[in-house]
Amino acid sequence: MTAARRTRTTAGTANRAPRQLPGSACEACQKRKVRCDRKSPCGTCKDGGLVCEINTQRRPRGPKKGELNNLRSQVGVCLNRVVALERRLSLDPTEEALTLATQFSEAPPVPDLPSASSASDGDFSQFPSPCQRRPSWESDIHISMSPMTPSSLPMGFSTFQFPPSPQSPPRCAFVDDLMRADLDQLYFDRVHPNVPIFNQSRYFARSRQLSMMDGPDYLLCLQYAMWTLAMSFSSQFESSRDLFYNETRRMLENLDLHEDDMNTVRVEQVQAWLLIAFYEFARCNYRRAWVTAGRAFRLVQLGRLHEVDISENAAECDDAVSREEKRRTFWVAYYLDRLLCIRNRSPLTLIEEMICTRLPSSDLAFQAGSPIQGRFLGEVFTSGDHGLLSPLAESAILLTIFGRAVSQCQGHHKAERAYGSASLEFWMRHEWVKNTLSSSLNSLMVNHPVISAAEPMLFFSTVMAHAIKIYMCQIVESTSHEESCRPNVAECQNQAMHAAREIARLVKAHEHIPYFKAHIFLPLAIFLAASRLMALTPPGSCQGMEVQDGINAEFQCCMNALRSMQSFNNIAREHLIVLESQESFSLNAFQGGYSL
């Protein structure tokens, strides 16, 4: 019965008319996607009053038989050869390998693939694209393949041509408006108080016109440098920090390749390199940062920023705010040069005697767009009246005092050590430094009675004034060895002890303020204080327990401050490692001596 039903069904299907009528549908029915009765004219065109046309010469759809497989095999061979050659070049970057690559790049090109229009008519889903599916040979290519030699190249390799290298993405492609606003605000909240070189209103006005500027993008490089440094003071953009840093360095280095600008230095270029130097001191290795800072110093000299006020006619082309930004850029580079001298005991690059740039104006007047003309550095020391100066100017004056002492000591230190004693001239210089430093510190206290870490530049200037006393004590201790010099050395040591304890007190009083806002070189002053405090209380010291406990607490306060900054400041981390090593060595030496 089942067989009979199947037979009847088969017979009915065979007698039924085919669903697709013979012949081709007309053009109008194909466009409207309706059933065509294949008449001439068809019913649809007749009812609609349309011209019924039938195209009997249609192009065949899809590629020829076997053509697609052939093209895909050629692509696979080319990709295989690219990977092989890249491995060869990475293993043997010699002249022979580079010559081999040049020969390949000069070879005839591979035949073009079918156009998108011709391929779109076919169904290629059964042929997975090598760009969508990883080839089976790719996972094993770096393991099973041996280094290639010219004799081992496969046949037909000379017909291979390198594909063009991918272009880098647009420089602002990964910075949307919200991220740009966040980074600008982060910079002016945490970086600008320590590096106060920009007029905020002028910066935002110029940044809105950035897209309309022609030629080298100096302002864009500066923006990226600002954002990169701002990221180092926040954990929010930790994942993007290296990307911005690498992009900023690439853009800055490309500026030097513009032959039209070889004889000019834009202040934005100097500012960008200074900010990158600060970033590298905080986040990269010290050697790279030092080299970058030296590059910025040379650009300062090349741009004649040390001669901004050499004559009134020389600056007529700049408005008051632009001239003040140049002054502040120079003084930031100037005090950075002195800070590096403290760290490395290296010669100074920016010489004081060559400066014809006035000290920076007050911050309020500068941000208001009406900077007040400051005095020259020599006038401040000649008159002895500091007056009410900006924190940046106070820092420049304090570090100038230190720079004078160090430059004089460097000129006579070797001769004095050769003769075995400190000369009278040395002590006269030291007395001048001590008196001038005390006068500057007193003036700072009078002009700013309350020193708060909420004003990072002012706080840093105060701490550095005490740190300079410690540094000068180290110079005296390494120079004076005679019995007659001991009273002077003892006095210096006493002043250094009070300076170290004052630094610890300031750090302790402001430990509740986030160290993200602290100056990048604040760990240098804390390190000098901690080293002096450690020398005052060695294990087994005979001092009173109360005094020793107090100094130990101050030492631990300095150590805690460095530990708080080590995650985002390499200077703090390096100094902390040194102090912990010295502390461990001193403790082990004491325990070894006590056991004996």
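Cβ from N, Cα, C; glycine included.
Check TrEMBL against the ranges 1-21, 22-42, 232-252 and you find region 'Disordered' recorded for 1-21. When the domain 'Zn(2)-C6 fungal-type' (25-54) is classified with DSSP, helix, strand and coil residues number 12 helix, 0 strand, 18 coil. Averaged over the domain 'Zn(2)-C6 fungal-type' (25-54), the predicted model reaches a pLDDT of 86. Within its own chain, the domain 'Zn(2)-C6 fungal-type' (25-54) has no Cβ neighbours under 8 Å among residues six or more beyond its boundaries.
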